[in-house]
Amino acid sequence: MQRHMLKSKIHRAAVTHCELHYEGSCAIDEDLLEAANIVENERIDIWNINNGERFSTYAIKGERGSGMISLNGSAARRAQLGDLVIIAAFAMIDEQELKAGWKPDLVFVDEDNKIKGSRDHVPTQNWT
């Protein structure tokens, strides 16, 4: 059996550009793509923390070290400059990989979309 699992996440990145008339996609700083294990043309889901919008597009490379998160084409209508977003990618993982210890790549960024940390799991949520 295979399970549809979170593979990659860039958490709380700020939108730096909205390019309505650019060919659709989301341009992401190449440093962030590599850290999160997202490849060019991979399908990504984007969740806008500010307005609750959730949509899918695909990733393209943004300038390395720029902190770029550019929503292009129709995706540009889903956010404003400065909105915080979560960018996620999913993969089909088989039971053997899961039992062998497969983990996702989670990347956390600062206010300039520079990497401030990474993890391979989401901590258990507590009620305290």
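In case you wondered, yes, glycine gets a Cβ from its N, Cα and C as well.
Taken from Swiss-Prot, the feature pyruvic acid (Ser) covers Ser25. Around the Cβ of Ser25 (pyruvic acid (Ser)), the same chain contributes Thr57, Tyr58, Ala59, Ile60, Asn72, Gly73, Ala75, each under 8 angstroms and 6 or more positions distant in sequence.
The active site, schiff-base intermediate with substrate annotation in Swiss-Prot covers Ser25, and the record cites sequence analysis as its basis.
According to Swiss-Prot, the substrate binding site annotation covers Thr57, Gly73, Ser74, Ala75, on the basis of sequence analysis. A 10 Å cutoff on Cβ-Cβ distances gives Thr57 (substrate binding site) a total of 19 other Cβ atoms nearby, all chains included. Taken residue by residue with DSSP, Thr57 (substrate binding site) is part of a strand.
Feature annotation from Swiss-Prot assigns active site, proton donor to Tyr58.
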**Study point:** Residues satisfying Cβ distance under 8 Å from Ser74 (substrate binding site), sequence separation of at least 6
**Key:** Leu20, Gly24
Point to revise | Farthest-apart CA atoms of Thr57, Gly73, Ser74, Ala75, residues recorded for substrate, distance in Å | key: 10
Study note, to complete from the structure: Around the Cβ of Gly73 (substrate binding site), other Cβ atoms within 10 Å, all chains included, total 16
